[in-house]
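Asks: Before I ask anything, here is the structure I am working with.
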Amino acid sequence: MILIWCAIAGVIGASLVVAAGSEYLPYRTPVYVAAGFAGVVALALLLVQPLLAAGLLPGFPMQAGRRIHRWTGVALMLAVAVHVVGLWITSPPDMVDALTFAAPTAFSAFGVVAMWALIAAALLAGIRKKLRLRPQVWRLAHTMAASVVVVGSVVHAILIEGTMGSVSKTLMCGLTIGAWALTVGRLKPWTGAWRGWRRQAQE
Amino acid sequence: MSQSPMPRRRFMAAGAAAFLATGTGLISPVRAQGLAPTTSMRGGANNYRPGALIVDRIGEGGFMMSGTVRRAGDGVPLEGIRIQIWAHTTEGRESDARSHGATLTNADGMFQLEMPQIVPTFGQPHGHLAYDSGDFETVFLRPVMSSARDTSLSAHFVLQPA
C-alpha cells in the first residue's frame with residue numbers, strides 16, 4: 001500500500017524535478033514555462049484520475065475516490081486550459097495550426113484530440129443528471145471519452161521534445177497507461193451497457 | 001492453346017513494380033520534365049517577419065544554417081538569391097527581430113549563415129527559412145534537426161519562376 005503511493009509520488013515528483021532542471025528553461029518566457037509545467041501537471045493528474053474512479057488508490061475507497069475524482073477532473077481541465085492558453089500566448093501561429101489540425105507535428109493532433117475528449121468526458125460528468133442516461137450507458141460513454149484522453153495524452157507527451165526527461169516521462173506514461181488499463185479491467189464499463197441502451201431507447 | 005510469352009507471375013511482378021514506381025513518385029510526370037519545385041512546409045511561415053536584413057551572422061553565432069537554391073526544371077544553381085532565416089535559439093524567440101537574418105547564395109547556388117544554437121520549441125528542434133523576393137514563387141521551409149545537440153542544419157530550395 002505504501003509502495004503504491006511511493007511509486008506514484010516518486011514518479012510524479014521526479015518528473016517535476018527533472019522538468020524544473022531542464023536546460024531549455026532559460027531560453028523560455030515565464031508564460032511558456034508555466035504552459036509547459038501545466039502540461040506535466042495534467043499528465044500527473046491523468047495518472048491518478050482512473051485509480052480514484054475505481055477506488056484503487058490505497059486510502060481512498062470507491063466513495064471517497066469518486067468525490068476526489070470530480071475535483072481532480074476539474075483540476076485537469078484547468079491545467080489543460082493553462083497549457084493551451086499559455087502556448088497560444090507564446091506562439092499564436094503554432095497554436096492556431098495545432099487547433100486546426102494543420103501543424104507539421106503529429107503530437108499536436110494527438111494533444112488536440114485528447115483535449116476535446118477531455119471536454120466531452122467533463123461535459124458528460126457535468127450534465128449527468130440532465131442527460132438522464134442509464135448508469136451503464138453513461139459509464140461506458142464517460143470511460144470511452146476518458147480512454148481517448150489517456151491514449152491521446154500519452155502519445156502527445158512521448159512524441160514531444162520538451163522539458164520533461166525521457167526516463168521520467170516514459171515511466172509516467174507507462175504508469176498512466178497501466179492505471180487506465182487496471183481501472184477499465186476492474187470496472188468493466190461495457191457490462192450492461194447494451195441492455196441499458198436498449199431500455200433507454202424503449203423509454 | 002498458345003503459351004503466353006510472359007509467365008503470369010512475372011507479368012504480375014512487373015505490373016506491381018510499375019505501379020509502385022509511379023505510385024510513390026519515383027517516376028512522376030513532373031520528374032520526367034525535370035527538377036520539381038520545392039513546396040512550402042506546414043508551419044514554415046510561422047513567426048515570419050518580412051524584410052529581414054542581410055547580415056554576416058545572426059547574434060553571436062555558433063550554429064550553421066546552410067543549403068542550396070536551384071531553379072525548377074533544369075536544376076541550374078541560382079546566384080544572389082536572398083534567403084531569410086529565423087529560429088528559437090539560445091539568444092531569442094522565433095518572433096524576436098534579433099532572431100531573424102538573411103543571406104545571399106553564391107555562384108554555386110549555395111548559402112550559409114551562422115546563427116545562435118537552435119533550441120527545441122513547440123516540441124521540436126527546428127529552423128525556419130523563406131524565399132520571398134518575388135522573382136520566383138514564395139517558399140517557406142521548416143527543417144527539423146535529427147538531434148537537439150546538432151550544431152548545423154540544412155535546407156534546399158528548388159524555385160519555380162513566378
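The count begins at 1 with the first shown residue.
Placement of Cβ uses the backbone N, Cα and C atoms for every residue, glycine included.
Curation does not apply to TrEMBL; its annotations are automatic.
Heads up, here are the entries from TrEMBL:
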- A:35-59: transmembrane segment (TRANSMEM)
- A:38-152: domain 'Ferric oxidoreductase' (DOMAIN)
- A:71-89: transmembrane segment (TRANSMEM)
- A:101-125: transmembrane segment (TRANSMEM)
- A:137-160: transmembrane segment (TRANSMEM)
Asks: Summarise the model's confidence over the domain 'Ferric oxidoreductase' (A:38-152) as a mean pLDDT value.
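Replies: A mean pLDDT of 95 is what the predicted model shows over the domain 'Ferric oxidoreductase' (A:38-152).
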Asks: Where DSSP helix means H, G or I and strand means E or B, what are the helix, strand and coil counts for the domain 'Ferric oxidoreductase' (A:38-152)?
Replies: 97 helix, 0 strand, 18 coil
